[in-house]
């Protein structure tokens, strides 16, 4: 069994720039502990610690004086301050060494410490016999797309003030591209040489993510391109993807969402994320978030004129649309994942409980993370079956040890930007007790799910006779390096009836929402049961007849997810759905983007894309 408390390195350092005070410093696989050496006998000093789950980077430096032979290594960590765990604060601890008369010999010792610290903070295993030969892992290189006009127009400012310093501390090499027009991001990824980068980081709202995903899916090599890792940082007014990633990682969203999202980006694993293939009478598109129709779509689209005020626009238009309530008629069909039924007469007999991720988690270090192996089960009305082979399945294996923590491909671009940190030393951190609750999420575990140069084989085999009570003729062939269109065996043509394994209801509705991430926007925990890769669509329906007071309560309960207990709110987990509006005018929004009004249907593509996240 691995001994995480075994001391790998030990030494005596001063805390820069206070050279008169010496510290006894010990390094284990979990972190660094240090305590001030007492100048008098029998005087105990409080031991302090830095956990590698909170560390984003480490850098060696030289003293300011040319005649000073001392060297030191600075550790950059973001730790929760106080017991509330409401916000991470930055700490820079600089340990100095002046044991030798020349700088080179002092630097050599500091570099050894730095190499081990960086490896362990990226969850690369370092054993006691490997310390002397430990080398730095290669720095990842990412392309950063910034939309300066997203939401309130602060994306570039957010990057410069918060994200850029943290990327520099983590030694992540980046190239910045500012989008100049609608569709620019899509045009970029259609021709991007993916092998030149470790991933793509988007600083914007959800609109740019939508562009990037559909741009990748329009490539001839879409089956490989869609596995290119995407990282998301909040720069818009909605930021549903960032909210969902933070929520599932147990990280706070307030008061500084950009800082916590950047922390997740640096400490990320590469995880599969579900997409949904959508078909309209004229187009086929790919969605990562939701399809909204009715009042939710109206609020999203009609509030566009107030983008400059950020997420407040959604609050104002929610109140307005409830006061002037509209209803719409539609025929809605879906293929549920199990024996689920719509509520009878709009009444529910019991509350629905959902597994809420623990928030504000202290990350723990676990280098022995087992390989991710998610098998999605497919069912039908009245029957829930598990398949042994094929099916909607993700197969994955652990990354090699030398690739843990990041995916690195290609060489650094010539015009990549880097900068030196000029941050001053912070106050020494409080000695907080590590919480070892087994329910914690691990923030610095080894990457899972990436094989063959960072590409995971996506196996989408459907044995229809085993899945459906009424067999369907279509099958999905294995997807690997395919250049053929994405198969959609669960969907009939829009001008044909849905299969008889589906459930259909025609009624007057206030809204219908198909969602596959927890958050629809800030403070809108619309689907608390959703995961990044749970392999299903959560279809929420609210019918005509709900009172305005009850509807207002549903929207207010979005903040906690308790709206799913409302008798007026129906939620069905499904694999596919179809919405056919029977009211002439209205809005349909896909991932916050308005599309032509009319029939729309979609099916889940489980784990098809890749996201930088922690779950």
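Here the Cβ of each residue, glycine as well, is placed from N, Cα and C on the backbone.
Bear in mind that TrEMBL entries carry predicted annotations, made automatically and left uncurated.
Looking at 339-394, 395-450, 451-506, the stretch flagged in TrEMBL as region 'Disordered' turns out to be 395-450. Mean pLDDT for the domain 'DAGKc' (137-282) in this predicted model: 94.
For the domain 'DAGKc' (137-282), residue counts in helix, strand and coil come to 63 helix, 34 strand, 49 coil, using DSSP.
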